[in-house]
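Novice: Take a look at this one; I'll ask things after.
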Amino acid sequence: MKFSIATRLWIPVAVMAVMTLVMSLGAASRTSALLAVAQVTQEKQQQRFELALRWRGLTEANASRVQAGLAANDNAVADAMKADIGRTTDTINEIQKQLEALADGDDDKAAMARIAERRQAYIAARNDANKLKAGGDVDGAHRALTSKVVPAIEQYLTAQQDFVTLQQKRSAALREAAGAERMRTVWGVAALMAAIVGLLALATAYFVRTISAPLKSLMAEAERIGEGDLFHVERDYRADEIGDVQRALAAMKSSLRKVIREVRASADGMQTASQEIASGNQDLSQRTEQTASNLQQAASSLSQLTGTVQQSADSARTANQLAGSAAEVAQRGGTAVGDVVGTMAQIDASAKKINDIIGTIDGIAFQTNILALNAAVEAARAGEHGKGFAVVASEVRALAQRSAAAAREIKALIGDSVTKVEAGSQQVRDAGATMTEIVASVQRVSDIIGEISASTVEQSEGIGSVNGSVAQLDQMTQQNAALVEESAAAAESLSEQARRLTALVGHFKVSDATQKPGDAPAGAPSIAPRAPAPVAKPAAASRPAAKPASAKLGGAKPPVSKGPAPKAAPKPVAKAPAVVRSAPAVAKPSPPPAPKASAPAPAGPSATSAPGDDWETF
C-alpha cells in the first residue's frame, strides 16, 4: 500500500501519541491505586500510633496517682484520686480494645500480649499494696510499692514504649515502601518512553529513506533543466506528492519548450523591427528639426503680442485706480450732504421748540394782563387805599402788553425761520439723493473698469501661459531631437540584444534540437524591410497646422509585410504610437526618459505647418 508524504510523516507522530497516551493512562491508573492503598495504610498506622501514645500517657498518669496514694501515710490521698484512677482505667481499657482491633500482623499481637501480661502483673502488685495499706500496714505497703509496684510499672511502661517504637518503625517502613514503589513506577515509564523513542527513530529513518531518494531524483531533474536540457522526459511517476512534483516539472518543461520556441521567433522579429525603428527615427529627426523652426517663429510672434497685452493691462489698471479715487471722493461728498441733512433736521426741530416756548410766553403775558386788570378793579374799589396798588397794576399791565407784543413779533420771526429751514432741508435732501445717485454711478463705472482690468490681466496671463507653453514645446522639440538620436542608438542596442537573446535561447535543448540558433523556426513571423519616408516640404503660412502627432500615430499602420504567421510581426513596430501618446510628460523641467520623447503639436493656425503628414508612415 502506497502512502502520501503527509501520511508517512503523520504515522510516527500518531503512533507515538497513542503509545504515550496509553502509557500515561497506565501510569496514572497505577499511581492512583498506589496512592489510595498508601493513604488507607498510612491512616490506619497513624491511628495506631496516636492511640499508642495516648495509652502510654494515660498509663503514666494513672501510675503516678497510684504511687502517690501508696506513698501517703493515710488513705485520704488515695481516696481523693480514686475517681480519677477509675476514669483513666476505663479509658485505658477502651484504647486497649481499639488497639487490639487495629492490630496488624504478628508483631502487633505479640506486643499487645506482652503489654496485657505486664498490665496484669502491675494490677496484681497494686492490689496487694492496697490491701496492706487498707489493713493498716503502711510500712508493708511502702515496701510493696518499692519492691513490686514500681518495677511492675516500669516493665508495663517499657512494654508500651516498645509498642510505640514498633509503630514508629512501621510508619517509616511504609513511607520507604511508598517511595520505592514510586521509583519503580518512574523507571517503568522511562523504559517505556525509551522504547517508544527507539521505535519512532526506526520509523522516521525508514520514512526519511523513502522520501530522500525521490527528492534526489527531483534534484537531478532540476539540474538538467538548469543546464538547459528540456528534451529529457521522465515517465515513471510516483503516486504521492513527489509524483505530483514530477508531473508539474514535466508540464513546466513542456511550457518552457513552447516559450523558448516563441522567444526564439520573437527575437528574430525584434531584430528586424529594431532596424525599422532606426529608419523611422531618422525620418522623425528631420521632421523634428522643421517643427523646432516653426515653433521659434510662433514664440517670437507671441512675445510681441504679450508685450501689447501687458501695456493694455497697465492702462486698464491705471484707469481702475482713478475710478476708485473718484468713487471715494463721491462717497465722501455723499457723506457730507447726509451730515448737512441731519443738521438741518436738528435746526428745524429747535425752531419748532422755540415757537412752542414763545406761545407759552404769549399765554403768560395774556394771563398777566388779565390779572393786572383785575388788580386795577380791586384798587378802584379800595379808594384812596388802593391808589398805590393801582399804579403798580397799571405798570404790570403795560409790561404784560409789551411782553405779548414782543412775543408775537418773535413768533412771527421764528415762524418765518421755520418755513425757510424746512425749505432748506428739502433742498438738502434733494441734493443728498442726487449725490447718492452720483456715488452709485461712479461705483458702477469703477466696477466696470475693474472688470475690464481683470479681463485684461487674465488675457495677459493667458497669453503669457500660451507663450510659456510654446517655449516648452520648443524645448520639448529640442529634447525630442536629442531623444531621437538616443532612440536610434537604443534601436541598435535592441538589435544587438535580440542577437544575444537568440544565442541564449539556442542554449536550451528542445524537441527540435537539430535546429541551429540562428535559424528561424517554422511559423516564425517575417517583416519586410521598409523604405525611408520622404521629408515633407513646409506648407504655406495660411495652411492650418498639422494634427497632433499622437492623433495621427494612434491610427498609423506599420508597413509590415504579410507573412505566413503575422502573429508576432507587428509587435515591435506597433508600440511606437503608444510612445508618442505619452509624450506630454516631457513638459516637466527634468529631461524625460526616451519612451516619452515625442510631444503632440499644438492644433490651430500658425505661420508654417509642420510636415506631419508623413508621420503616419512611421
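The backbone N, Cα and C atoms fix where each Cβ goes, and this holds for glycine too.
No curator has checked TrEMBL annotations; they are predicted automatically.
Copying in the features that TrEMBL gives for the protein in this structure:
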- 271-291: compositional bias 'Polar residues' (COMPBIAS)
- 528-588: compositional bias 'Low complexity' (COMPBIAS)
- 596-612: compositional bias 'Low complexity' (COMPBIAS)
- 209-261: domain 'HAMP' (DOMAIN)
- 266-495: domain 'Methyl-accepting transducer' (DOMAIN)
- 271-297: region 'Disordered' (REGION)
- 512-618: region 'Disordered' (REGION)
- 186-208: transmembrane segment (TRANSMEM)
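I'd like these features described in context: how deep, what's nearby, how far apart.
Specialist: Helix, strand and coil counts under DSSP for the compositional bias 'Polar residues' (271-291) come to 21 helix, 0 strand, 0 coil.
Summarising model confidence by region, the domain 'Methyl-accepting transducer' (266-495) averages a pLDDT of 78.
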Novice: Could you pull out which residues elsewhere in the chain have a CB under 8 Å from any CB of the transmembrane segment (186-208), counting only those six or more residues past its ends?
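Specialist: Distant contacts of the transmembrane segment (186-208): 8-9, 11-12, 15-16, 19-20, 23, 27.
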